[in-house]
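Asker: Before we start, here is the structure in question, set down as structure tokens.
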Amino acid sequence: MVKVAVTGALGRMGSGIIKTITETDGLDVVAAIDIPNHPKKGQDIGELTGLGKIGVSLSTSDELEAILKESGAEVLVDFTAAAPCVNTAKTAAKLGVNLVIGTTGFTPEQRAEMENAISENKVAATISQNYAVGVNIFFKTLELLAQKLGDYDIEILEMHHKFKKDAPSGTALRAAEIIQNNLNRDSNIIYGREGITGERTKEEICIHALRGGDIVGDHTVIFTTDGERLELSHRVTSRQSLVSGAIRAIQFVADKKEGIYNTFDVLDLN
């Protein structure tokens, strides 16, 4: 039985992951953690998420180290925000706890700080901007399209719910990174356009971020040339697709000794 701790336990992803862990053989929720001074601290996380009592009380991140030690957690799952996630990852790594990280919005410095802690403490982690199986097939397909349609103009459009705090999305940034790595030409990423921008240059890969309503996550990459346009789209209609992917990542990383992995590793797409 793999003992799992979940941070952001009452968030959209955290609560979904907790529910699915309780339905998954071989996994057990041993700690549920949210922000300091949370008014529901001490209440049973099962009752808070509609599962009924499961015997795990909501804890807060200011006591993370003690909680991880007491619970004996083997894997910690984090879908929160960049700054607290870095601190959480450092604490977990120091204690020898493996990680599944789905948080986005890291600066390069934050990402490096987190990865250094993981490597120095010789734990294992999966880090991904999007754990949905379909979006990773989308990423894999982008590799081929970028190789074969490298002389086309390329634009990326992403849309999310009005509550999303970072832009562009981690998924859009990952798509742009994959495209750049597979083009046989120079390229540079820009973000939206405004004013008199002049003609579009061949090097541009432009990301456009839209926000509104309750959209879970839409991503489209558009390849255009004179006379034709090819669009590759992925749409998440339920967070359960992300949750299911995170569960697979927990199962994957649980018995790993050390290393930093992504969802291509989890899904054997490399």
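Here the Cβ of each residue, glycine as well, is placed from N, Cα and C on the backbone.
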Asker: Let me know which member of Asp28, Asp34, Asp151, Asp153 Swiss-Prot also records as binding NAD(+) at the site of Gly8, Ala9, Leu10, Gly11, Arg12, Met13, Gly102, Thr103, Thr104, Ser128, Gln129, Asn130, Tyr131.
Answerer: Asp34
Asker: Suppose we draw a 10 Å sphere around the Cβ of His161 ((S)-2,3,4,5-tetrahydrodipicolinate binding site). How many other Cβ atoms does it contain, all chains included?
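Answerer: Taking every protein chain into account, the count is 13.
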Asker: Determine the minimum-neighbour residue: among His160, Lys164, listed as active-site residues, which Cβ has the fewest other Cβ atoms within 10 angstroms?
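Answerer: Per-residue Cβ counts within 10 Å for the active-site residues His160, Lys164 bottom out at Lys164.
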Asker: Relative to the Cβ position of Asp34 (NAD(+) binding site), how many further Cβ atoms are located within 10 Å?
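Answerer: Counting Cβ neighbours of Asp34 (NAD(+) binding site) within 10 Å gives 23.
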Asker: What number of additional C-beta atoms lies within 10 angstroms of the C-beta atom of Gly8 (NAD(+) binding site)?
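Answerer: Gly8 (NAD(+) binding site): 25 neighbouring Cβ atoms within 10 Å.
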Asker: Using a Cβ cut-off under 8 Å and a sequence separation of 6 or more, which residues in the same chain sit near Asn130 (NAD(+) binding site)?
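Answerer: Residues satisfying the criterion: Gly102, Asn136, Gly170, Thr171, Arg174, Gly217, Leu242, Gly245, Thr263.
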Asker: Across all the protein chains here, work out how many other Cβ atoms are within 10 Å of the Cβ of Arg12 (NAD(+) binding site).
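Answerer: Taking every protein chain into account, the count is 15.
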